Amino acid sequence: MDVYGLIGNPVGHSLSPPMHEAGYEALGLDARYVTFEPPADAGAEAIEAAETLGVDGLNVTIPFKQDVLDAVDPAPLAERIGAVNTVDFTGGTPTGYNTDAVGAVRALDHHDVSLSGTAVVVGAGGAGRAVAFGLADEGLSVRIANRTESKADALADEVPDASGHGLDSLSDLLANADILVNCTSVGMEEDKTPVPADALHSDLAVLDAVYTPIETRLLQDAAAAGATTVDGAWMLLYQGVEAFERWTGEDAPVDRMNGRLREHL
């Protein structure tokens, strides 16, 4: 039996177990997905313990995404982002990947969004870093808007063809943008949005990384403006799909995994 899992603290809320288990069931794989909740200062030790126990792959979530960098051989993208959310133990040395970046790209691609032009990323935290690098690697120009403009500037200095801005620049940035991705947690608060509704337009594709609630105020406003909308569960799904395919070497049964994920939202 192959064993995969998730380390984080806490992990009780995670939707990864049912999503991955649905994939194993659909393909008839002899595999299980389990959760581990080590102490908040023991991320690196947890990676070493998992390797000793013969775990085949791990997802990594808060607060360990940065802590485990020194315990794995990070892939180039994960190293640039400065965070690991997937570990593969099957190659002899634990290798760390960041599938959040790919998750955003594949979520947009699933909705037939053209990955070209200019993208505005709201938020310069962990999710914002991953999405900014992921979109830049697809060839988009990236405009990073953050409440603290200096943090947006610092991230833009690392990302190819990027610039940093304050949130007060959003309306101007979005006027000629093709893609908007919200990487802040603002949408989790009822009726809150980080983006002025009148800045949205029908030529935009809008992805909100928030998936609780599934239809945020931002997505409601975007739909009203005629924009293409992509909810955060698609990004969650595709970061998991990317890990699933890397671990198993199989094409993920995306529809089954998506169905199970949405049952648990």
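Sequential numbering from 1, following the chain as shown.
Note that Cβ sites are derived from N, Cα and C of the backbone, with glycine treated the same way.
Marked as active site, proton acceptor by Swiss-Prot: Lys65. When other Cβ atoms within 10 Å of the Cβ of Lys65 (active site, proton acceptor) are tallied across all protein chains shown, the result is 22.
All protein chains shown were included, and the count of other CB atoms within 10 Å of the CB of Ser16 (shikimate binding site) stands at 22. Residues or ranges marked as shikimate binding site by Swiss-Prot: Ser14, Leu15, Ser16, Thr61, Asn85, Asp100, Tyr211.
Within 10 Å of the C-beta of Arg147 (NADP(+) binding site) there are 15 other C-beta atoms, taking all protein chains into account. Annotation source Swiss-Prot lists NADP(+) binding site at Gly123, Ala124, Gly125, Gly126, Ala127, Asn146, Arg147, Thr148, Glu149, Ser150, Lys151, Ala209, Gly232, citing sequence analysis.
In this structure the alpha carbons, written CA, of Asn85 (shikimate binding site) and Arg147 (NADP(+) binding site) are 25 Å apart. The two recorded residues, Gly232 (NADP(+) binding site) and Ser14 (shikimate binding site), show a Cα separation of 14 Å. Under 8 Å, Cβ to Cβ, and six or more positions away along its own chain, Ser14 (shikimate binding site) finds Leu6, Gly8, Thr35, Thr61.
Ranked by how many other Cβ atoms sit within 10 Å of their Cβ, the binding-site residues Leu15, Ala127 place Leu15 at the bottom. Listed in chain order, the extra residues whose Cβ falls within 8 Å of the Cβ center of the shikimate site residues Ser14, Leu15, Ser16, Thr61, Asn85, Asp100, Tyr211 are Leu6, Asn59, Leu236, Gln239, Gly240.
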